[in-house]
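Peer 1: Can you read through this structure? Questions will come right after.
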Amino acid sequence: MPSAHKPMRYGHTEGHTDVCFDDTGSCIVTCGSDGDVRIWEDLDDDDPKSINVGEKAYSCALKNGRLITAVSNNTVQIHTFPEGAPDGILTRFTMNANHVIFNSDGTKIAAGSSDFMVKVVEVADSSKQKTFRGHDAPVLSLSFDPRDVYLASASCDGSVRVWKIADQTCTTSWPLLQKCNDVINAKSICRLGWQPGSGKLLAVPVDKVVKLYRRETWDSQSDLSDTCITQPLNVVAWSPCGRYLAAGSVDGSIVVWNAETQECVERMKHEKNYSICGLAWHPKYRQIAYTDTEGNLGLLENIGDGKKPNDKVASTATKDYNDLFDGEDDDYLSGDMIEPQSSPKAGANEDDGDDDDLMPTSGHLRRAIMDDDDDNSLDIGMIKANSNLLEKEDDDDNTGGFPALPPSSIQRPFYDGPMPTPKQKPFQSGSTPVHLMHRFMVWNSVGIIRCYNDEQDNAIDIEFHDTSVHHATHLPNSLNHTMADLSTEAVLLACESTEELASKLHCIHFSSWDANKEWTVDMPKDEDIEAVCLGQGWAACATSALLVRVFTVGGVQKEIFSLPGPVVSMAGHGEQLMIIYHRATGFDGNQCLGVQLMELGKKKKQILHGDPLSLTKKSYLVWVGFSAEGTPCYVDSEGIVRMLNRGLGNTWIPVCNTREHCKGKSDHYWVVGIHENPQQLR
């Protein structure tokens, strides 16, 4: 049956427009230069749901109910899907991100920006970021290897690079593209793509051909071309089964090849010759949604010789038909052969010689079985034929259409007990996340230290609540300090080590009576400072070597001792030093923390000897410090404030629940200080 090419429709205002399907194929999602994300039930949907994400949206991706967008305020945002509720910022750049993508299981995103940077960020914890440096011009596009080993990127510097994700190194680089200084001047946005499943091939649109590079050897296996392609190709997209490859050109041509035989199975020409800038395959049907640089959306159906799906993107008729068979006979009719869509193994290897290899919905399979000669009969041959279609072959190089099936005969032992909780990372109380360009390094009862890291400036501003203590100060941040503490005597700064420089502790002792107001201490090799704090007449830092080093405020190290576990945070007040650390691994979402409290006066003594720290169930520590009167306190992520009760054998008593005072779900109290008399939480 020939392909059906529906007339395009208006989607967004003129400009670059991106498109993708949701996981089930039930809707099409587009974003454009009007800053909106639109959710279309089908091409004829006259009232698509619209979510405004910013002034301009350059790219969008969707997986596991999470929608990510690259927006003109230089951020990569996350929204819930389909509700469209903002769910935070995953990462920031100094210029706008041009392309964002999910990895195969939706746990990570990659973003490439006009500031030459590529970042890989974990969706669940955006503080876990990897930055890939090496491009000398804006990044055009990215593609995750389905096995999560490699990341491919194309840039305006003319190069296409393959990075090893684990160690952030460049594995190989090809000078394939024409150099330019900005994305708007690029002849092609070069949307490249890894072959789904095996990741055996990397497809790169280069001028009027698609180059296929073989994994590991990185040699050019073949070029896909066609006589109808007369202008450079802009985008490529693999079918979910990995057998077909579609490409769109800057003059509106769309070509689909069978990647194995290299024969062209589909050709289409844009009705107005606008540049194709977005391509997305339907996860189940032989359908391609595409967008152009004028903001229009189109749909190409029945690609190759597939069966024609209904007009709805995911046919409601199919759904209703399937609902008739929602009972236990489902497993019998489908032979329990099709793995759920959410399985991470879906889309792996298979080769059948049969061209019709985009995964049929279970409804199609049922229909094939049920619609035989007689309404009441089942054709056993038909069931066998369908089950044979779905059998997995062992050949790893094959990349056909059906999900890989686990070997049912070999059952590995399955652990069903409590799961370990990832350990909380070290943090400074009163600080905001390190990856932000403008952030608070500390905000406490003495003052505020801000850090700015953007194109114009990398600097630190120090303000005092009481200017009689000291005047405001502006410092350059050439060493890239990430930790700070502030007292009425001094400012303490610390930076992590780099390949060339050791981790450093830097103190500005402004109440010093002589001229020596600053001192710096280098940590030994392979020892990184993870937390710092100031007390009266002393400064302390905890390091990755599980050591705590205590210095006089003049710069002499006077104490060093070992911690039983990795530090989480520390705080100082007068002669008191409080250290929170990991006692052990927690389970089922709970952190397992311990606390040491010591006095560093003339008679040094330890008050708390690594006692367990009480946290609300499934919460983590967000602030640790002392009240103005000197009582140790801390706050957990559930908003419970606890204070040490020395009169009851050094036990922790809850004194406030900040959540009870929040007006809405998004409200949050950020503690900067505590007073006992009068009873105040600041």
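Each Cβ is built from the backbone N, Cα and C atoms, and glycine gets one as well.
Summarising the annotation, TrEMBL assigns domain 'WDHD1 first WD40' to 9-299. Marked as repeat 'WD' by TrEMBL: 9-41, 132-173, 236-267. According to TrEMBL, the feature region 'Disordered' maps to 304-362, 391-430. Taken from TrEMBL, the feature compositional bias 'Acidic residues' covers 323-333, 349-358. The feature domain 'WDHD1/CFT4 second beta-propeller' is assigned by TrEMBL to 425-677.
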Peer 1: Along the repeat 'WD' (236-267), what average pLDDT does this model show?
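Peer 2: Looking only at the repeat 'WD' (236-267), pLDDT averages out to 91.
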Peer 1: Counting by DSSP, what is the helix, strand and coil composition of the repeat 'WD' (132-173)?
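Peer 2: Its residues divide into 0 helix, 24 strand, 18 coil.
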Peer 1: Could you tell me how many residues in the repeat 'WD' (236-267) are helical, how many are strand and how many are coil under DSSP?
Peer 2: 0 helix, 19 strand, 13 coil
Peer 1: For the repeat 'WD' (9-41), what are the DSSP-based totals of helix, strand and coil residues?
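Peer 2: Here the numbers are 0 helix, 15 strand, 18 coil.
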